[in-house]
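Chemist: This is the structure, below, for whatever I ask next.
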Amino acid sequence: MKQNETSWNIQHPEDNDNIEWSNVLIDEIGDNHIAASTDTPMKADAFKLTDDEKIAIIEKHFAAIMDTLGLNLADDSLRGTPKRVAKMYVQEIFSGLNPANRPAVTLFENKYKYNQMLVEKNITFYSNCEHHFVPIYGKAHIAYISSGKVIGLSKLNRFVQYFARRPQVQERLSMQIGKELQQILQTEDVAVVIDALHLCVSSRGVNDTSASTVTAFYGGKFKEETTRQEFLRYLELKPDA
Ligand SMILES: [Zn+2]
């Protein structure tokens, strides 16, 4: 079965004749962390509600989750939690769902005619697994070869943060960053490598605390062995060595 068919079943279980099969797929996808598509699956009316309206609704639902778990919401320590979680979801850790928060881009002419590889490595990011809603965190490494345009280095970092602030799967995060930079920089020659820890693997499930996951996106010249090897060698360099 192709991955997009799996995704279709997950998103529209009501259209599937066999609901039990759909449930089996949900369990499978949850532990295998399959990326179903490059675009984050969004509803057509995803931004009909304002942020404040979303916060109010999520607060109510999160209070219901806590109440169902048996927590006493009258307790001083817990009282503010539903509102705090709702604000954190909408304004911080899932703010990258909203295209209004996409970083603004200014391109510069490459006046030094620097046509070598530019590498920005060890960009720290925090994201969340879309199958368990627990953190994924790690480092992103980005490289591109200028087509005549360059971008401020801090913007590379900002685009990583923008796409990380969504419920994610790591493969999609790599692809979204890579494809966005290809478009902005007007070149296919972009590479993204992400090395990350998944708390849904370390803190639950198989409880493996040392496993990290590496995903890569290679476009244009980075599909060639020599260019890719050059990039990977730069990732091993230490600035103080
Ligand atoms: Zn997960």
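Placed from the backbone N, Cα and C atoms, the Cβ positions cover glycine too.
So TrEMBL has the following annotated:
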- C129, H132, C200: Zn(2+) binding site (BINDING)
- 58-234: domain 'GTP cyclohydrolase I' (DOMAIN)
Chemist: Which value does the mean pLDDT take for the domain 'GTP cyclohydrolase I' (58-234) in this predicted structure?
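Modeler: A mean pLDDT of 94 is what the predicted model shows over the domain 'GTP cyclohydrolase I' (58-234).
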Chemist: Looking only at DSSP and grouping its letters into three states, which state does H132 (Zn(2+) binding site) belong to?
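Modeler: SS state of H132 (Zn(2+) binding site) = coil.
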Chemist: For C129 (Zn(2+) binding site), list the number of other Cβ atoms lying within 10 Å of its Cβ atom.
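Modeler: Taking all protein chains shown, C129 (Zn(2+) binding site) has 20 Cβ neighbours within 10 Å.
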Chemist: Using all protein chains in view, find how many other C-beta atoms are within 10 Å of the C-beta of C200 (Zn(2+) binding site).
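Modeler: Other Cβ atoms within 10 Å of C200 (Zn(2+) binding site): 19.
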Chemist: When DSSP is mapped onto helix/strand/coil, what comes out for C200 (Zn(2+) binding site)?
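Modeler: For C200 (Zn(2+) binding site) - judged by DSSP and reduced to three states - the answer is helix.
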